[in-house]
Structures are given as structure tokens and as C-alpha cells.
Amino acid sequence: MAQEQGHFQLLRADAIRSKLIDTFSLIEHLQGLSQAVPRHTLREILDPSYQQKLMSGDQEQLVRFSIKPRRMGHITHSRRLLSRLRVRCSRMPPLSLWAGWVLDSSVFSKFIISLIFLNTFVLMVEIELMESTNTALWPVKLALEVADWFILLSFIVEILLMWLASFSLFWKDAWNVFDFFVTLLSLLPELVVLLGVPAHSVWLQLLRVCRVLRSLKLFARFRQIKVILLALVRALKSMTFLLMLLLIFFYIFAVTGVYFFREYSRSTIEGLEYNMFFSDLLNSLVTVFILFTLDHWYAVLQDIWKVPESSRVFSSIYVILWLLLGSIIFRNIIVAMMVTNFQNIRSELSEEMSHLEVQYKADMFKQQIIQRRQHSESLRGTSLGKVSEDIIETSDASDDDDDDDDDDDDDDDDDDDKSDATESDNEESDSENSESENSESEKIDPEKDYAKKSYPEKSHPEKSYPEKSHPEKSYPEKSHPKKSYDEQAEAEKVKEESKEKAYPVSHSISSHGSTAADTAFLENLDWETLVHENLPGLMDMDQDDRIVWPRDSLFRYFELLEKLQYNLEERKKLQEFAVQALMSFEDK
């Protein structure tokens, strides 16, 4: 086909050709197995009413299964471990599966969070009772020590469970690594005491302070705190070069202050309060940071002016220039970048939340559609059951009336035969015409009585008895060479009225099916109006139901679709040629 369309190849046409080959190879494979193509869906098999019909009529047909993947929001490691073949085939579940189940449970998470808050309270009480020598408080101190050890052991057990669940995944998570180092720093002072180090050692006191870091474990427990910390880290990453430039200016102004304020730092004048601020590089860096925060800048400047050896002009230029660069320019830039980063993160989070909200609304809407369809099917089933009962009742009643009508029709036929035998002249023919009209009126009256008897209040679509009622029976051959056209038209009109009375249109048709009038009305509608009227019904339809095309139609569809791609490509080239021709025409 590519050679027929041209010597060029199209990716879309090749994709359609491959789809055609794959589809027909699958069909041939299915035909080789069962000599049939799947014509039924899983929903039809699960429907009890339709299933009974299929099992009684065609039991060898294939069923098309539509598999719906269950998308979960968060797949835990324990769930992944449970789906592994080695775990599913093992006789006993592994300990890692049990550890993951414990870590994922909400009870264990709430227990760890309560221990973190309890640790904060215990440390607060220990600090208050540290210097107390009251012997009555020894039981309280012992209880606090036991609580401290219990909290520490609980944190260690949590880390061991994480290692047991997945040792490699533990070190890949930054929050788990942070939690591990916080627990290790709080464990070190207890280990040092067990090794025999004096309790009044300076290093031991510093390590005991690390127990306060256990409160930082809350960062890894609450999602909102994680978002704030991640926003800060992201903002600092974007301000890396700005902070480097700010540190360079810090260093320049600190070195300049040490060099130019030597006389002020070495002055022996009494009453100087800040003469040590520029004594060395570290003090100068601290002083520059103080000026950066606009703290005591005017008091420092006035204290420098007290020394005659220091230049007032240079000291004023130094302080004002640093205030302009550091306090006004750099600080405002840092604040602006922080606000911008937080706004970007907030917009991303709001977009994600809106997406989740839309997904939730879509799921709820789909669930409502399913419930509505199930409710409508249940109502339709009950209504059809009532209609079937009414049809059975009316059919029994109509059979009795049909027997009476047949007897009347036989008597009428005998009368007609006798009248035909006695016809001799025009007068007799006129009298025969009048008798035939009377006989027709007598035939119509039983039909009216039959309609009243068989359908007193209820009517049922698609149920008629043309063989028994004989509404079209008029015997034109026997009569009536002189019967006028007006009389025939009047007789046909009476017949139509009798039909309408015998078979009235039911209200149940509009609720359970489509009538001929509705069909004619829909045919006159335009496409857009038809789509808008049937859109609720289309939305209620199950999207998983598939229509199986015939083999020749499917092949023709793919063939035409492939030709369409080549036609579109030729149309595109012709448009390009036309554009070039118009451009050359304008140039000339």
C-alpha cells in the first residue's frame, strides 16, 4: 500500500498497519483455538438474566475480559514484599513482612509520637531537678531516669525494625538517616557513663545536651513540617551564589575594619564601650554581622568618633556603605527570593491538591453513575415483571373473546353466500350493497366490543391479533361493481378508527421503550440536538463494554485509516506547493 500511495513512509500509517496485523493475528489465533471471536463481555456473563440465555443458547462462545487495574495512592514496602513469589510460596512469612506491618500500623506511629512528646516533658523536669539536693525527690528522679531509658530503647527498637524491614531502603531515605543520627547522639552519653567516665566531665555534659535533639524526630513524623523544611532547603539551594557573594562581602568588610580601626582598638581612652569589636578577624566578623542586622550601628559609630586618630569621614563611609550593601540590598534580595520560592512551592502544592480533589470528584461521580445505573436496572426489572404479568392476564382474557368472534365471523360468511346466490338484477344488487354495508358495520361492532373487553385500561406495546379480529375484511370481489369511491373511503376510515380504538398507545411505552412517533421525531432532529438529548444516557453507559466488529468491516476500517494518513500527507504537501506558488506570484 505504501508503494501505491507513494515512495514515502509515514510513522502513523506504519503504526496503523502494525495494529491491523496484530489484531488479525489475534483473531486468527482465537479462531484456531475455538473457531470464534469473543462476542460477549464479562458484564453480560455476570448478569443473571442474560447468563441464563447464553447458557441455554450458545455455550461455546468466548468471553472478552476487561481487566481494570487497581491504582493505589501509596504502595508500601510490605505490600511489595507480599507480592513476591518467594514470599508467597514460603511456608512461613518472613520477619521483614511482620516488621513492615508493625511500622505501617497507625498504633505504632502514634505510640512513637507520644514518646517524643514524653521525652520533651522528661527533659524539662530533669533540668528543673538537676541541682536539687532534696532526698524526697529521689523517687521522682529515678522514675525520670527509667522513663528516659524506656524512651531511648523504644527508639532503638524502631530503628531495628526499620533495618529488619529493609536495610537498603533505610539508608536511601534522608529522614531515616537523620532519625538514626539523632538517636545515636542521644545514646552516646549513656554509653559513656557505662564505660566509667566521670559524670562531671565536660564532654559528658555536652553529650547529655544532645538528648534534646530527640525532639527533632518530630520533623520526620509530620508531613507539614517536612514541607516547610524542604521549602527552606530548596530556597537555600536557589540562593547559593547569593550567599557566597554575601560571605565575600562579609570577609572584605571584616578585614577592612581590622586594618583601618587599629587605632580605635588599641586606644587607651576611658569610656570606650566597643573598642574590642575590631580587635581581630573573628570579632570584626561579628561586628559586621551586628551592623548587618542594624543593631547598635549608630552607637558604634559615635564610639569610634571619640578617638581622634580614627577618621570620621572614613568611619562614616564604612558604616553607611555596609548598611546600604548588606542591610538594604542583600537582605531585601534574600527576603524576596525566600518569598518567591515559598510561593512557587505553595502553587505546586495547591496544584497537586487541586488535581487530587478533581480525581476524588471524578471517582465520586463515577460511583454515583454506577449506583444510578444499578438503581435504574432494578426498577426496570420490577416494571418488566409487572408488565409480563399483565400481558399474561390479558392474553388469557383475549383467547376467550377470540372464540366468540370466530363464531360471529362464520355466521356472517354464510349470510354473504346466500345473498350472492339470490342476486339477479340492479335492484337486487342495490339491496345487496345495503346488506353488505350492514354486515360491515356488524363486523366493526364486535371489534369495538373486543377492544373494550381485552384492553379495558391497560395497553401493551407490540401485541396485536390481526388474524383473529380481521379488521381489513371487506370482500370487494363479491359486491360491488357499483359501490362508489366515497363509500369505500368512508369504510376505510371506519376501519382505521376501529384499529386505533382496539390498539391504543400506552403510557408504558414512553417509560420502557421507544414508539414509532418518537423514532420519527428523532430522525427529524439534527445531530447536535440528538447528541444533547442522549448525552445523559451515554454517560450512564459502561465504558468497558466493547463492540466486536465483523472481520471484513474491521479490515476495511484499518485499510481506510491507513489511506487517510497518506491523503493527509499529500494534502499537506499540496498546501505547501500552493503557498510557494502564491508567494512566487506575489514576487513577480
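Glycine is no exception: its Cβ is also placed from the backbone N, Cα and C atoms.
From a predicted model like this one, the values you see are computed outputs, not experimental measurements.
Per Swiss-Prot, topological domain 'Cytoplasmic' is recorded for 1-106, 165-173, 221-237, 340-588. As annotated by Swiss-Prot, transmembrane segment applies to 107-129, 139-164, 174-198, 202-220, 238-260, 313-339. The topological domain 'Extracellular' annotation in Swiss-Prot covers 130-138, 261-279, 293-312 and is backed by experimental evidence. Summarising the annotation, Swiss-Prot assigns intramembrane segment to 280-292. What Swiss-Prot lists as region 'Disordered' is 376-512. Residues annotated as compositional bias 'Basic and acidic residues' in Swiss-Prot: 440-502.
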Same-chain residues at least 6 beyond the ends of the topological domain 'Cytoplasmic' (165-173) with CB under 8 Å of its CB atoms are 77-78, 96, 99-100, 103, 180
Per-state residue totals over the topological domain 'Extracellular' (130-138) - DSSP helix, strand, coil: 4 helix, 0 strand, 5 coil
Counting only residues 6+ away from its ends, which parts of the chain sit with a Cβ under 8 Å from the topological domain 'Extracellular' (293-312)? 260-261, 263-264, 267, 269, 271-275, 277, 287, 319, 323, 327
Taking DSSP H, G, I as helix and E, B as strand, the topological domain 'Extracellular' (293-312) contains 10 helix, 0 strand, 10 coil
Confidence over the topological domain 'Cytoplasmic' (340-588), expressed as mean pLDDT on the 0 to 100 scale, is 60
When secondary structure is assigned with DSSP, how many helix, strand and coil residues does the topological domain 'Cytoplasmic' (165-173) contain? 7 helix, 0 strand, 2 coil
